[in-house]
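Here is what Swiss-Prot says about this protein:
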BINDING   G11, G12, E13, G14, A15, G16, K17, T18  ATP binding site
Amino acid sequence: MKKGLFITVEGGEGAGKTTIINLVQEQLATQGYEVIRTREPGGVELAEQIRDLLLHTQGVEMDNRTEALLYAAARREHLIKKIVPALAEGALVLCDRYIDSSLVYQGHARGIGMEEVRAINGFAIETYMPDLTLYFDVEPEIGLERVQKDAVRSWNRLDQETLTFHKRVQEGYKKLLKAEPERIKAIDANRSFAEVFHDTMEEINRMLLSTKD
């Protein structure tokens with residue numbers, strides 16, 4: 001069976017992930033890679049429906065554990081219906097968020113506990129972990145200011161969280177970065193998109209070079 005490559009992109013709100021992923025997808029295609037771009041929560045029909053529950057339900061308070069379980073359920077659907085088949089075909093999967101988001105947002109920032117959330121997601125993803133995770137590190141104040149200025153962005157539940165919550169998100173990502181420096185690479189996302197894109201491609205090309213026979 002052919003084995004593809006699995007790259008995930010992580011970061012707090014306003015880190016610029018979507019913009020950079022667009023550029024990365026185009027660049028990798030010019031380098032001859034079959035790129036399957038996807039996102040979490042979402043990526044397949046049922047997971048997109050769960051996404052709407054998680055991010056776009058207004059006026060309904062959601063229990064933190066319910067939230068964590070819904071993210072894991074969406075991830076399972078996405079994994080088995082889109083990511084695994086693409087990897088089996090030898091594609092390069094480029095995913096906007098994956099398990100690290102749950103560990104950070106629900107595990108650390110919500111206070112459930114990273115290991116508790118890891119256990120939930122271990123059942124969902126089995127052994128499917130990214131070959132490379134790019135963490136776009138943006139200061140929460142800068143990220144939230146970008147979100148407020150983005151006229152195209154649609155509202156989601158995370159936009160109403162406090163600055164303290166978003167600082168805990170950043171703190172959680174840095175804990176993961178310290179624990180898994182081989183897989184997770186930090187990129188300073190406080191800079192221009194051109195600079196962030198340059199460093200992003202450097203990390204990806206370094207990984208691609210290391211995987212060649």
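Going from the start of the chain as shown, residues are counted 1 onward.
Cβ from N, Cα, C; glycine included.
Other residues of the chain with a Cβ within 8 Å of the Cβ centroid of G11, G12, E13, G14, A15, G16, K17, T18, the ATP site, are F136, V138, G143, R146, A189.
Counting other CB atoms no more than 10 Å from each candidate's CB, the binding-site residues G12, G14, G16 peak at G12.
Sequence-distant neighbours of A15 (ATP binding site): residues of the same chain at least 6 apart with a C-beta under 8 Å from its C-beta are F136, D137, V138, G143, A189. In this structure, T18 is the one among the binding-site residues E13, K17, T18 with the smallest number of other Cβ atoms inside 10 Å of its Cβ. The Cβ neighbour count for G11 (ATP binding site), using a 10 Å radius and every protein chain shown, is 26.
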